[in-house]
Each structure stands twice: as C-alpha cells, then as structure tokens.
C-alpha cells in the first residue's frame, strides 16, 4: 500500500523562503500558482507571449519569459504539455539552473523516458494532483483539496523529499493526502490508464457497442443514448462510490446484466491485450512512437483524429446534443 502524507507530516516548509517559477499557465499552471501564492509562497510565472501571459498578468502575477523566470527561481515547476517540454527545457530552463535548485514536474514522462536530462546538482521531483486544475483551485478555495502523488527522482541536496512535500503542502494537497510513488510508477500507470481504460479502452468500447446496435438495425439515435450519452450517469456513480455504489444505484436487471455479460465482453483475451499495451509502455515502444510522430508533424495523429471525428456516432451525437442545451463541452471541440 502507498505511504500517505498529510499536513501534520510537513512540520517545516522548506520552500517558504524560496522563489517558485511556474512554467505554463494553463489548467494546472494557474491552480498551482494561485494556491502557492495564497499560502504565502513567492511565485513568478514563466511564459511565452500570448493569451496566457495576459491572463497571468490580470491575475496579479509577475510574468517573465521562461528563461528569465527560471534564472531567478529556486524552484522551477514545468507545467507545459509533454511534447513541448524537452525543447523549452533545453533552450530556456537548463542554461539557467543553478546547483541546489529544484526541477519539478506534474508528470514523469520526459524524465522517465530520457527526453529531459537534469544535471546532477539539482533536485528533481514531481507533484501530481489527481484532478484537473479548476478542481485543484476550487477545492483549495473552499478549504479542501485534491489528493496528489509525489516522487523524488534525484536528491542532490539531501532534502528533496522535504521539498516535494512542502510543494504539495503549498498547493493544498496535504489536506487530502499525498501518496508517495516513483517517476517510473507514476508514468507507466498514467499512460496505461489513458490507453487501456480511460481514453482508448472506453472509446473503443463505446464505438463497438454503438456499431453493434446500428448493424442490428436499431436507430442510431437510440444507440447513441444507450452506449455514449448514459455513460456519464454510470461513471458519476462509480466516481462517487466505486463499483459497489454504481451497482447499488442501478436496477437489479442492470446489475444482473453486468454480472453475466460484462465478463463476456471484456474477456481474458482483452486482459492479455492490456498486458501487451502495458509492456509497450514499460519498454518505451509507445514513448518512442509518440515522440517520432510529434517530431514528424503528427501526420497519423491528425489523420486519425479527422477520421474519428466523422464516425457515425459523432455525426449523430452532434445532432442530438442540439436538443440538449444543458450539455456544453468544457473545451471547444477543434481546439487541438
């Protein structure tokens, strides 16, 4: 079982007198910066010119280029998309790191897969809230918190663990609990969850269910409701209280169908395929493929995305959602 740390375990905040540079001001960046500031930390924001720069300024932060922010900071938290981090790190952060600084991440991908190679004289750790930035900020403002993970990759100063817990405490995570892990474990489990269950697994299951009903002659609109739209109702029940809560809340007919049919859909062969997915994450196959795809301009990524967006379930869904003005996407579709 994971070791969990709480507020009582952070007796001395070793970062309170240090300057923290938050690199990036998106979902996580704005939450980290504002929570740290509210907890008395000296925070600056490092960005390239654009809308985020203006937003951080409006929120009252001193905003600098990434290089300028990194140069003056003791702690540099990189909250940029994974694929952008190596270039920004090499060009603007690495030349400005000093011995004893802390290089911090919210996901271990680039360090674990050697895309970012920190110098030996800095501490390297991650603090990863298990929720989106808006929730990290809102719960903090309400006196609560989102749990987080932390891991130490490199302890150059001898107090990297204390620094990581101090940072986690600064964003409020110790109110809920901070679980200790490693860069390897955080990275591999995160990627596996996305690919086998949360994104890849769910989308493949939803499409297969939709196609099965449509191919059998049922109306696409009903197939959409049964296989996609109602998924939120079930996921919310699981989110709130696990599988037990979901099964308690649905009808007995639905629960019995769960018991007798679920294992016939997700079979031992499915688990073997999941094992293959995990192995390709562990040995770096997935990472190498994604890095190469990004460097090539993402031709397959964009082609697949365009094709998927025209699947019948998407065409039907767009029409049905026009009937439901209460359903509004949090992020405008097509922004990527």
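Using N, Cα and C of the backbone, Cβ positions are placed for all residues, glycine too.
Among the candidates 131, 133, 143, 144, the residue that Swiss-Prot names alongside 25, 26, 27, 28, 48, 52, 82, 83, 84, 85 for the NADP(+) site is 133. Sequence-distant contacts of residue 82 (NADP(+) binding site), defined as residues of its own chain at least six apart whose C-beta falls under 8 angstroms from its C-beta, comprise 107, 109, 110. Candidate binding-site residues: 190, 226, 230, 251. Nearest to residue 84 (NADP(+) binding site) by Cα distance: 190. Residue 194 (Mg(2+) 1 binding site) and residue 25 (NADP(+) binding site) are 23 Å apart (CA-CA, integer value). Here the binding-site residues are 190, 194, 226, 230, and the one with the most other Cβ atoms within 10 Å of its Cβ is 190.
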